[in-house]
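Structure first, then comments.
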Amino acid sequence: MIIIMSKTSEIIVLTVVLAALSFIVHSATANPNNHRYNVGDPVPFFVNKVGPLNNPSETYYYYDLPFCRPDPLVLKKESFGEVLNGDRLTNALYELKFREDKTRETLCQKKFKVAEVAKFRDAVIDDFYFQMYYDDLPLWGFVGKVEQESGILGDKGPKYYLFKHVRFDVLYNGDQVIEVRAFSDPNHVVDITEDVEIDVTFTYSVIWNESSTKFKDRLGKYSRASLVPIRRQIHWFSFINSVVIIVLLMGLLTLLFMRRLKNDMRKCADGDEEEDKEVGWKYIHGDVFRPPPNLSLFCAVLGTGTQLLTLVFILFGLAFLGVLYPYNRGALLASLVWIYTITSVIAGYTASSFHNQFTENGWEWSVRLAGFLYLGPLLVTVLILNIIATGLGATAALPFGTITVILLVCPCVGIPLLAFGGVFGYRHRSEFEAPCATKRYAREIPPLAWYRKTPCQMFIAGLLSFSAIVLELHHLYASMWGYKICTLPGILFITFVILVILTAMISVGLTYIQLSVEDHAWWWRDVFLLLHAGSFSSAVQHFDDVFEILDLPFIPIATKIKKTVYNFKKLGLDRCCVGAQQPFLCSAIASTSMPVFPLNSKS
């Protein structure tokens, strides 16, 4: 099976993708002129969200806690990516004017009721942090602290304190802000252990210092925040591990093919190649190139996989161009939505062109399935999780307007591009030419040993591919659901290329083994073989988190239930947004690499 694409087709499809890519790069690039101030000028300051330190995906509105709030509350007009990222930037009472120091400035005075004290105490128990933005720079601080006190008569239990003073350290270079940090002063606290009404005066200080760092380098601090030297050692270990696996597999495949080639050459030398002694793959050569069953669905899987493969390479391109960088709020999610929509043309073209290589009837269904196969379940899952997040009052809940925009992007942009790709693939179709005639009736497949059946081969293929990317997958999940920052896209790209090569080699090797036992039903086998690579790893990790939560003795049962729901919410997004991509990606790679053996062998 070889997908033949003419030069004209490649140029047109590539032009559409590059035009969309240039639009994304242009819209995501910041202008430094927007960040210049004179002495005493107000600098944009927004509070964003709060949440527990041990669960970054669980975040709430900043003013869900009874902090000092301005009147009225004004929400910042957010971009599409910021909303998808769960950012809810709101104005604040803090005034940090450019290069103006302040000492113990009063923010507000509040009298907390018993319920408000209890809410703060629960936040301190869960180790809540807050996030703010100053001149588009993120800063964090803790809500309070817990101290374990003991006395002469024994343990008195923990004491809970609320921080009431924040110190801001700001660095500047000329007329631009370079860095900002927030420190919750442990010497200025109020005891919130008891359920009593208390009076609290919140204060803050601002200290300005000059820096030699240039404005264009001010985000370098956040790239260095993830212990890069240590991670590079782990990255290199992962790289060496992957290379060793590829070398072993390449050696195994070389031995298999060399043995087969020697047997064929020996038969030719003995002059008995015309004898009817064909066994294994040659015995079923009339069934190998039979069209796959459920052709429309197979083409849809292939089209979706090619689309996602293109999406991944474009994302790597954006990372290398510097468009995707740490704390560029929502840039990654917005890029995912728009790039996926634009690359629908590739899904339609691939599904249609491959379908028309076998038959010209029914290619429309292939195109429709290619548009629904991944996007449909993803939208349903996101809507269900959005309802859960709304019920929990989390910032991850998308507003109705954003959901409407997402639902309109698909019919207004995605469907026309999908249809255009399908029609284009139909117009530039090419007939698949098998190197040998296909028999009218399929030969019966003989009984297979247990280790040659699909479940066992799924486990082997998944284990091999997963072992090559396990360390990088750990860092990827830590970046998605934790606080680590992925600052080495080059190594991640190399790992992805290794995964592509490894997938192709596993596909060729297992296809050879399958055909050697006269099993000619190889089309769908490879789609299922590589389903196993990342499924059990993330599932085990998430369920381990659930049992760890349930085993914590000091957390109330209601909080345990809420944290467990958030963990399953994270698992659902992981399986739908990340895990579901893998079979499509692997099928696209495998479907173009599997025919290498049968085509070349028959030649």
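Cβ atoms are placed via backbone N, Cα and C, with glycine included.
Values in this document were obtained by computation on a predicted structure and should not be read as measured data.
Lifted from TrEMBL, the feature list:
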type     : residues : note
SIGNAL   : 1-30     : signal peptide
TRANSMEM : 236-257  : transmembrane segment
TRANSMEM : 297-325  : transmembrane segment
TRANSMEM : 331-351  : transmembrane segment
TRANSMEM : 372-394  : transmembrane segment
TRANSMEM : 400-424  : transmembrane segment
TRANSMEM : 458-478  : transmembrane segment
TRANSMEM : 490-513  : transmembrane segment
Determine which recorded stretch among 236-257, 400-424, 458-478 has the most C-beta pairs below 8 angstroms with the transmembrane segment (372-394).
400-424
Most Cβ pairs under 8 Å with the transmembrane segment (490-513), selected from 236-257, 297-325, 331-351:
236-257
Could you pull out which residues elsewhere in the chain have a CB under 8 Å from any CB of the transmembrane segment (236-257), counting only those six or more residues past its ends?
464, 467-472, 491, 494-495, 498-499, 501-502, 505-506, 508-509, 512
